[in-house]
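> Take this structure, written in structure tokens, and hold onto it; I'll ask about it next.
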Amino acid sequence: MTTHSKELHQHHETSYDWAAGFKKSLPVAMGYLPAGIAFGVLAQVAGIPVWATIMLSVVLYAGAAQYACLPMLSAGLPIGSIATNIAAINLRHVFYGMPLLQYLPEHKLAKTYCLFALTDETFSVMTSLPNESRQALILPLSLFNQSWWVLASTVGVMIGSTLSDLVPHLDFALVCLFAILAYEQFQSIKRYFPIAIAVISLAVASLFTSNWLLLVAITICMLLILARGFWTQRNITGANNDQ
């Protein structure tokens, strides 16, 4: 490698815009702080150790999956069952890295971390940025966003016992959160099919299992959606052939 190419490589490796990354992380922090604090509080209420709660935010770092972990951990489910459920919940994250591959750091460790830390919110911010600024911001944004989440989780687990005494039935907050999200999605698309599929899948899955309820319900959802897509495509093809 020539001296000129080494200089270019070094510049490329160190050209992160940390100040801009911090600013871009602030809107995410507005959502992460209350959600992370709520996670820490619920973890404390569920009897999860402080160190385990913080480690979940460090090594798992997935809001929905972390919330889902709490009842499974407190119920003493097998690690294999918990891991499989988490993998199913986070499956969508596999596809997040594809549009951003060209903007990932060249350093192997930094690249691996950015792929790990590519949450819904980080992906949303990254894809809203101009192409020319994405490479300089992906690592700082990822680090700052996770820092907000870990900080919030730590605060939540530290004040959990106090807050849970002041606010009874706080563990119902997660149920309310997902109910609100489902309602908002229905309001935006005005279709009953997704809700019907979810209810049917959960009802059928509950007849067969409790430890693997989430995974079975998601699998049934996927099968029903694929069946509907196949049926719709078949009808369209048949209508075109009739013409």
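Backbone N, Cα and C define each Cβ position, glycine as well.
Straight from TrEMBL, here's the annotation block:
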{"type": "TRANSMEM", "residues": "32-52", "note": "transmembrane segment"}
{"type": "TRANSMEM", "residues": "64-88", "note": "transmembrane segment"}
{"type": "TRANSMEM", "residues": "136-160", "note": "transmembrane segment"}
{"type": "TRANSMEM", "residues": "192-208", "note": "transmembrane segment"}
{"type": "TRANSMEM", "residues": "214-231", "note": "transmembrane segment"}
> Using a threshold of three or more Cβ pairs below 8 Å, and leaving out pairs closer than 6 in sequence, do the transmembrane segment (192-208) and the transmembrane segment (64-88) count as in contact?
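No; fewer than 3 Cβ pairs under 8 Å.
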> If I count Cβ-Cβ pairs under 8 A between the transmembrane segment (192-208) and each of 32-52, 136-160, 214-231, which range comes out on top?
214-231
